[in-house]
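Annotated transmembrane segment per TrEMBL: 42-63, 83-103, 165-182, 188-208, 269-290, in sequence order. Marked as domain 'ABC transmembrane type-1' by TrEMBL: 43-329. The domain 'ABC transporter' annotation in TrEMBL covers 365-601.
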Amino acid sequence: MARGRNSGNISAPELPKAKINKEGIKNLRKLLTYIKPYRFKFAAALLFLILSSLTGLAFPKLLGGIIDAAKGEVSKGILPSNLNTIGLISFAILFVQAFVSFFRVTWFVQIAENALADIRRDTYFKLITLPMNFFANRRVGELNSRISADLSQIQDVLTTSFAEILRLLIILVGGISMMAIVSGKLALILLIILPVIAPCAIFFGRFIRKISRQAQDQLAESNTIVEETLQGIANVKAFVNEAFEAGRYNKSIRKVASLAIKGAKFRGLFASFIVFCLFGVIVGVIWYGAHLVSLKELKVGELTEFVLYAILVSGTLAGLPEQYANIQRAVGSSERVVEILNEQGETINIGETENYITQNIKGNLTFRDVKFHYPSRPEIDVLKGISFEASAGQKVAIVGPSGSGKSTMAALILQFYHPQSGQLLFDDKPACDYSLTDIRNQVAIVPQDVMLFGGTIRENIAYGKLGSNDDDIIQAAKRANADSFITTFPEGYDTVVGERGVKLSGGQRQRIAIARALLKNPSILILDEATSSLDSESERLVQEALEELMKNRTSIIIAHRLSTIREADKIIVLEKGVILESGNHNELLKNEQGLYRYLSGLQFELG
Ligand SMILES: Nc1ncnc2c1ncn2[C@@H]1O[C@H](COP(=O)(O)OP(=O)(O)OP(=O)(O)O)[C@@H](O)[C@H]1O
């Protein structure tokens, strides 16, 4: 069933509606192509839907017929005059309807759920293979809502709205025709009154929805207060701002309540209006119909039949706007989903079995006059012609003030972005000669902020190389100085970490990341040194682990502390996207005017 987003339920966020235009329908149609594999079942479900709507239409006729037959009269139309025959026919039709309804409901849901699972899978696959630049301009929450809220809206339309609209239209056309057959006069009166009431009801309904949307927005705002304060709870407490936050929240939540109460008043009025009008029309019809009965222009059974059709038709009219609004929202949703599906993804092999290395990289890395700006900020040149070489097995450190472009260089090596001019070469071959999978499988990064996934330590280490066996995982952990702390946990490698698990210290997280990188065994390693300093014991363990990790591979070290890079084969000093100087520690110290000498003097004094 549709989830009643229009019912004034203020907890569900309402998705924006879109105009149903050519473009919108094109988007929706693109998603509807996902039904194609199930088209035969879909056709059968459609047929059953038509059948069940038609059988539903027969009931008022049958009931009217029964009443007239009881009085020994025969209603207009094709019904027999025998009471029992009509009764039996009614049951037969009821049986057919029950049978058909079961299949139409389950089939529609089966088709929609399968199609939706395919859409979700494709959207998610596309999302995770999109280039980094795509994510730079979008918030994670917004993308997440596309996969959840937008697709749920499409699900509602696929599972119910289309079928429902078709059913409503059949009933509308069928019902009005049947009414006209029973009594043209009565039908005419009804057709004059209903179009007056219907727009009033639609207008009123819209107004109420507007108020409930305001309440929703206000509620979302108060939820933001909760989110903000809980995320920054330490700040709230440290500044003793509990009373301030409570007051802020209370004010916001009162506004929600008053808006909801205002909405309820109008809903009450709406209910009275509907009751009065709807029942008023029915009373009026019966009243006038009774006159026709007394004039022998109509039989009692026919009047009953007419009233039942009238109720059916007005119920249908009431249901149409909601279904239409659902489709409008789905058009908006499909626009946002199709936007993702139409994006150009990276050429990454998504199949698990396709993730193997086809071209080995020994570890020679060259930046050749690389110029780069982030696509989202074309006015700022981040790298302004960087050239350097790192031979296989060398340790190259990049130092420089904050914002000089060090992390950007790492991002280019990982092929998250591509330079606008110049080239990156791996083993003297341009990066574009390799597949992305080949490069990323042979470059590993140990980032500053190590992200652990919700899962066990074992799974987190194995993330470096999926499918690794236990021995390899433990071996890597040992080499990364991580085994000693992991085995102190009662559950050892099965200890759950991440948001809901054990909290690891910065040094421990780094050693897990190092184990992960060891398992991956890359030719080129990027170390983004953590800025926050660890205590000396932890630092020693991490440093040792890093030394182990750097053995026999090219290492690019983004260094924040110069003390850790004295042994580097080459140090590149970067400022504002330009290499100011490069050489080893001793060579650079000789340059009295050099930034490196200045920075090391500074660190020495501070340290
Ligand atoms: N995703 C991005 N989109 C746009 N601009 C960015 C992006 N990432 C970084 N920048 C900009 O690029 C410049 C270089 O940033 P980068 O992170 O490479 O510096 P860094 O030397 O690594 O700094 P730090 O030592 O503080 O980490 C900065 O001006 C930064 O604002």
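Glycine residues also receive a Cβ, built from the backbone N, Cα and C atoms like all the rest.
Regional average pLDDT for the domain 'ABC transporter' (365-601) in the model is 86. Long-range contacts of the transmembrane segment (42-63) within the same chain: residues 35, 75, 77, 79, 86, 89-90, 93, 96-97, 100-101, 103-104, 107-108, 111, 163, 166-167, 170-171, 174-175, 178, 301, 304-306, 308-309, 312, each at least 6 residues beyond the stretch ends and with a Cβ under 8 Å from a Cβ of the stretch.
The transmembrane segment (188-208) shares the most Cβ pairs under 8 Å with 269-290, out of the stretches 83-103, 165-182, 269-290. Away from its own ends, the transmembrane segment (269-290) comes close to residues 183, 186, 189-190, 193-194, 197, 200-201, 204-205, 208, 298, 303, 306-307, 310-311, 314, 318 of its chain (Cβ-Cβ under 8 Å, at least six residues beyond either end).
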